[in-house]
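Annotation source TrEMBL lists substrate binding site at Phe80, Gly81, Arg82, Asp156. Marked as domain 'Fe2OG dioxygenase' by TrEMBL: 134-253. Feature annotation from TrEMBL assigns 2-oxoglutarate binding site to Asn141, Tyr143, His153, His232, Arg244, Thr248, Arg250. Here TrEMBL flags 182-202 as region 'Disordered'.
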Amino acid sequence: MATVTKLNLKAETGDCHRLEAEQSEAPAEISDSRTKRVVELGNGCEVIYMPRFLNYDQSWDYLEYLNRNIPWNRPTIRVFGRSCVQPRDSCYVASEGLPQLVYSGYQPHAYSWDEFPPLKDILDAVHKALPGSRFNSLLLNRYKGGDDYVGWHADDEKLYGPTPEIASLSFGCEREFLLKKKPDKTSRGKNTSGEPPRKRLKKDAFPDKHSFVLKHGSLLVMRGYTQRDWLHSVPKRVKADSLRINLTFRLVL
Ligand SMILES: O=C(O)CCC(=O)C(=O)O
Ligand SMILES: [Fe+2]
């Protein structure tokens with residue numbers, strides 16, 4: 001891994017200093033309930049959040065390495081029939097021989113894992129944490145500041161199959177990650193019971209919105225039917241004015 005100037009980068013990500021204080025006070029061993037939160041979204045959709053997945057200092061090293069060594073690109077994409085510049089930098093890494101990824105009318109070049117050895121180490125750690133997972137592709141995003149964002153979307157491209165597991169690692173500035181339920185078009189969501197709406201409310205035990213503040217070194221996993229039934233976004237945040245890098249590992253079938 002490349003030599004890093006961790007301190008300089010920490011200074012640049014000023015808003016994230018708070019995080020460092022929190023972390024240094026943490027006990028050496030933390031119980032699973034503090035390190036892992038499982039959120040059932042209902043209907044076979046699930047999110048897992050591990051705020052302290054990777055070692056804090058090593059995560060700064062990764063941020064520095066990725067910032068310097070990834071061939072970042074800000075492509076022109078199509079959203080609702082209009083061309084626009086993607087509001088963040090990105091890059092795509094994938095194993096050889098997979099079908100090509102196309103999103104928002106854009107087909108990114110697939111770089112090889114061999115070009116970025118630290119990505120293989122991160123991938124190994126993710127595989128260990130998620131038994132049975134075997135990710136073979138990775139979409140990287142770089143948010144230079146609070147104006148960079150990703151709008152509401154689902155990662156429901158056909159090449160991931162009907163129930164993709166997506167493992168999302170965050171480095172640097174904390175950003176809010178939002179989930180909202182898609183409008184329900186099926187009979188599942190309609191009141192066909194004949195019961196008055198007040199009674200039905202009690203049975204709707206699952207909220208239709210969630211928010212996570214994705215911490216430096218954290219891992220968030222979406223699984224089951226989350227991409228079919230839910231949308232997610234990382235909205236603009238004026239105050240989050242420092243660098244964040246996010247990695248989403250996926251399995252192309
Ligand atoms: O940056 C994030 O946390 C989310 C990125 C994302 O949703 C995506 O790449 O599809
Ligand atoms: Fe996504």
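Just so you know, glycine gets a Cβ as well, placed from its N, Cα and C.
Remember, it's a predicted structure, so these values are computed and weren't measured experimentally.
Mapped onto this structure are the features recorded in TrEMBL.
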| residue | record | DSSP (3 states) |
| --- | --- | --- |
| Phe80 | substrate binding site | coil |
| Asn141 | 2-oxoglutarate binding site | strand |
| Asp156 | substrate binding site | coil |
| His232 | 2-oxoglutarate binding site | strand |
| Arg244 | 2-oxoglutarate binding site | strand |
| Arg250 | 2-oxoglutarate binding site | strand |
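Checked against His153 (2-oxoglutarate binding site) by C-alpha proximity, the binding-site residues Phe80, Gly81, Arg82 yield Phe80 as the nearest. Here the binding-site residues are Phe80, Tyr143; the one with the fewest Cβ atoms within 10 Å of its Cβ is Phe80. The binding-site residues recorded for this entry are Phe80, Gly81, Arg82, Asp156, and the Cα of Asp156 lies nearest to that of Asn141 (2-oxoglutarate binding site). Checked against ligand 1, the binding-site residues Phe80, Asn141, Thr248 give Asn141, Thr248 as the ones with a Cβ under 6 Å from it, listed in sequence order. The Cβ of Arg244 (2-oxoglutarate binding site) lies under 8 Å from the Cβ of Arg142, Tyr143, Ser170, Phe171, Gly172, Cys173, Glu174, Arg175, each of these being in the same chain and 6 or more residues away along the sequence. Summary: among the binding-site residues (Arg82, His153, His232, Arg250), the fewest other C-beta atoms within 10 A of the C-beta are counted at Arg82.
Distance from the CA of Arg250 (2-oxoglutarate binding site) to the CA of Gly81 (substrate binding site) is 26 Å.
Cβ neighbours of Thr248 (2-oxoglutarate binding site) (same chain, under 8 Å, six or more residues apart in sequence): Leu138, Leu139, Leu140, Asn141, Asp155, Ile166, Ala167, Ser168, Leu169.
The domain 'Fe2OG dioxygenase' (134-253) scores a mean pLDDT of 90 in the predicted structure.
The number of other Cβ atoms within 10 Å of the Cβ belonging to Gly81 (substrate binding site), over all protein chains shown, comes to 6. Counting in whole angstrom, Phe80 (substrate binding site) lies 17 from His232 (2-oxoglutarate binding site) by their C-alpha atoms.
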